[in-house]
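Copied over from TrEMBL, here are the features:
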DOMAIN    64-462  domain 'Major facilitator superfamily (MFS) profile'
TRANSMEM  100-118  transmembrane segment
TRANSMEM  130-149  transmembrane segment
TRANSMEM  155-180  transmembrane segment
TRANSMEM  192-212  transmembrane segment
TRANSMEM  218-239  transmembrane segment
TRANSMEM  291-315  transmembrane segment
TRANSMEM  335-359  transmembrane segment
TRANSMEM  379-397  transmembrane segment
TRANSMEM  403-420  transmembrane segment
Amino acid sequence: MAPNQETGMAADAITPAVPLDLEMTSMQLTTTVKRDEDPFLVTFKPNYDEENPLDWPKGRKWAVTDTLSATGFNRIMVSTIMAPALSTIKEELHMSTAESAMALSIYLLATAFGPLIIGPLSEIYGRKKIMHASNIWFLIWNIACGFANTKELLIASRFLAGFGASAIYALAGGVLGDVWKPEERGRGLRNFNMIPTLGSAVGPIIGGFMAGRTTWRWMFWSASIFQVVMIAVSFTTTYETYAPLILKRRAERLRCETGNDRYYTVYERLEQKKSVFLVVTRTLSRPLRLLIFHPILQVTSLILAFNYGILYIVLSSFADLWMQQYGQSVEISGLHYIACAFGELAGSLLGGPLMDWLFRRMLARSADGEHTPEFRIPMTFPGAFLIPLGLLVYGWTAQFRTHWIAVDIGVFVIMFGFQISQLPMQAYVMEAYPEHTSSALAASQFLRSLTAFLFPLFAPSI
């Protein structure tokens, strides 16, 4: 076989937007090496390559995106579903107020640390295997939550379930960055952010009705049944999307078919002189190294973390507001989360297309016709204004016990602003770190989950 078969030109049109000092060698090689300089370099074909996730048919891209979205919905729903039943669980398992709050929020603590391991592992073994393994892990421990007969078992099972659930935070952004081109990315992010984030609002609605009409254990069992369905679906719709692994398999196939060992990929050449231990430790430490040494990731992560903490303060205390201040039942208090869901839905439906429109407009005005991650920044400004506005409306109306619709309007504005702000910042991180999207998003998720865990714990005291 001639050396130019099943090879193509590297993606030399994309230039890293920021100096990735810690990963500079990898980035320079993958973005500047051309195939005509070395006929044995295995890359994707320049115009169309059926194995390149960016060139997949739209149907396959949407199947992958929708599967991730539905899986994410279930994982995030489980984080809040037990909120309306905390008093019942507290009484049945003889828990203190602090322990019941811990049972709710420790799930989020696990999602802080899980991506630091899961994200880098997906850059060694691929997205598909890690996703399937995490799905099964989450299912086992979420079922265990439903059978917990002691507070210790419930808290431990919630933590381990959260660890498995955290894969969606680490892998989804990487997969979406793998399959959607920059000019299409807003639509993919819109669906992914819209559906899973709805889970945080839908969870208490479902939990409220279950708490009033059946045992709290069915909160976990029903989510586990849904997870079984999603596992079955994912085995038919999930494909490997990580380009370095796809190209490595192509190179292995060429070496086997031709008997010529000179075929290689950039990634194999980079790692060939490194020990397995060095590769694994370097990969696993990448999220924290990126977070510590890269200012742009620090800034975006801190902003998202603060917004996330505020979001979970609202979500964790929302039901208590209606039951204690307005004297409503558990079921009716849960219905107010519909305002949260509508805000998130509206923010995603508007934010995704608007982000793509603004991206194309700025690309057309660019002097060299090249895009940079900074094209995403203008979309963050509306959210920066709407979130504090919504908090002011929510706080004042709740304090003076005005009509319930005024309080719900405040929450709607908070959630709308949260989504409008989150979409472009996620896209910015994905495009600033194209080779290590999962690691960069894992670093960002670390701070977000920590604030989501900590803010609701100290919120009652203030």
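Glycine is treated like the rest: Cβ placed from N, Cα and C.
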(request) Answer yes if the transmembrane segment (192-212) and the transmembrane segment (100-118) have at least three CB pairs under 8 Å among residue pairs 6 or more apart in sequence, and no otherwise. (result) no
(message) At a Cβ cut-off of 8 Å, and with pairs 6 or more apart in sequence only, do we get at least 3 pairs between the transmembrane segment (155-180) and the transmembrane segment (335-359), yes or no?
(response) no
(request) State the residues, same chain only, that lie 6 or more residues beyond the ends of the transmembrane segment (218-239) and have a CB under 8 A from a CB inside it; answer 'none' if no residue qualifies. (result) 53, 60, 63-64, 66-67, 70-71, 74, 77-78, 81-82, 85, 128, 131-132, 135-136, 138-139, 142-143, 145-146, 206-207, 210-211
(message) Using a cut-off of under 8 Å between C-beta atoms, tell me which stretch among 100-118, 130-149, 291-315, 379-397 contacts the transmembrane segment (403-420) the most.
(response) 379-397
(request) Average the per-residue pLDDT over the domain 'Major facilitator superfamily (MFS) profile' (64-462) and send me the rounded value. (result) 87
(request) State the non-local partners of the transmembrane segment (379-397) in its own chain: residues 6+ outside its ends, Cβ under 8 Å from one of its Cβ atoms. (result) 303, 307, 310, 314, 351, 354-355, 358, 406-407, 409-425
(request) Counting only CB pairs under 8 A, let me know which of 100-118, 130-149, 291-315 has the most with the transmembrane segment (335-359). (result) 291-315
(request) Could you give the residue numbers and ranges of same-chain residues that sit at least 6 residues beyond the transmembrane segment (291-315) on either side and whose C-beta is under 8 angstroms from one of its C-beta atoms? (result) 18, 20-22, 80, 83, 105, 108, 200-201, 204, 337, 340, 380, 383, 387, 391, 394, 411, 414-415, 418, 421-422, 425, 428-429, 432-433, 440, 443-444, 446-452, 454-456, 459
